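As annotated by TrEMBL, disulfide bond applies to CYS61-CYS76, CYS115-CYS127. Annotation source TrEMBL lists domain 'AA1-like' at 22-127.
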Amino acid sequence: GLAAAAPLESRQDTASCPVTTEGDYVWKISEFYGRKPEGTYYNSLGFNIKATNGGTLDFTCSHSADKLEDHTWYSCGENSFMDFSFDSDRNGLLLKQKVSDDITYVATATLPNYCRAGGNGPKDFVC
């Protein structure tokens, strides 16, 4: 079952945040990138994930395919116990980490999405 919800960034004390922040902040997402070869769907996504609670989690999670489907779980890698899903119409990242047979952490974040020309044609974008 689900034991905890874990949003991704530490609380911002001085800056205003446009998104409601709730829960335990134990992961930080950085260096997000994606590729949209036709401008409408991703074929590659990746990001760095790091523990902010003194844990040892610190690695790059990525997945590539001909077309990455929204609302589909992709593994962050063998023995990572982490999976992610991306909702491109909202730039929403979902993460889940299986900690034990009884505990799974789940997190959500809305990521900024700035894209530029990718160089492999008029519809190719790198975000």
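Note: Cβ is positioned from N, Cα and C throughout, glycine not excepted.
Sequence features, as recorded in TrEMBL, placed on the structure.
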residue	record	Cβ neighbours (10 Å)
CYS61	disulfide bond	20
CYS76	disulfide bond	21
CYS115	disulfide bond	13
CYS127	disulfide bond	19
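Residues in the domain 'AA1-like' (22-127) partition by DSSP class (helix H, G, I; strand E, B; coil) as 0 helix, 51 strand, 55 coil. Across the domain 'AA1-like' (22-127), the prediction's mean pLDDT works out to 89.
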